[in-house]
């Protein structure tokens, strides 16, 4: 059965244009073509990148975080409670009113205190600022290295300047060592992101991030097996260009350097919108959809790779909407709004609501105290408000 599955998966009709067979893709002396088995190297390299990341965050990013004054917010911890902890772990992290009332009866606690316990418990699970800072530093380091590596690899390649060169001689395009290592670097990095996804900072677009990583890995892997490496390198460079500005924007935001953060955000927005909504559709989508048809007829690989590329473009549109929305608020308010992908702590709004309630409660006491003092003043010593100062310094009773 596995043999039949293997033969079905590697049918040349899936991977190669009409008229080309796997025999035409056999390597000869001095000529190498991409082989699917090469992709297995990305798994050990992904774990090597994870080890390098851990060492970098521990030895460089974390001390830098402390030196730049990035401090974790002191969060109130939830008091140990077996009943509430069991419900939190097995049932729901944000119970409704009915569950809160039931749990309050079981624990013999006020409903407000049970609600506060769940809020503190959820905030405890949220990542600290130092964790976000270290993660942003690592990604910034990688994206800068990957972007300039891509430029160094592609600057003398003809398809960077003439996009029709992506299809010259396709699919019999020899694999250059520089392209192989560049591909392996990018694929290993995205594989490492998938492996660390459960431990990384979870944002509101977590599901979109999973789709993005999956589409990117599939796209890189398929483009390598089908020898779409030339178009694949263009996709990688375009994506890394804007990411180089996203991560330092986060870093300066965590450092509370407001003006620098706002400036970088404007640069990132411009680069992102131009590269993802203008350069990417013309350089990649138009290229694969139209220019490739000058060389070969449509086949399964043509439709599959275009589907993956369009999936990435839909994600680009989704993130562009978020960015444009933030830009709109930036223009109206004059300052950058918080990252809408980030999940704010509930204490930011819920604790303030409780403080307002406490102030209102205390305000009644203060008001009664003030009125009683005024009553004493009116019946005892005279208040200064009841006196009028004359120009000669004497005081006249009203």
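Cβ atoms here come from the backbone N, Cα and C positions, even for glycine.
Note on TrEMBL: of 244-263, 264-283, 344-363, the range annotated with the feature transmembrane segment is 264-283. Of the listed segments 38-56, 57-75, TrEMBL assigns transmembrane segment to 38-56. Looking at 86-129, 130-173, the range tied to DNA-binding region in TrEMBL is 86-129. Long-range contacts of the transmembrane segment (38-56) within its own chain (CB-CB distance under 8 A, at least 6 residues past either end) are made by residues 137-138, 141, 180, 184-185, 187-189, 191-192, 195-196, 221, 224-225. Across the residues of the domain 'TLC' (131-332), the predicted structure has a mean pLDDT of 88.
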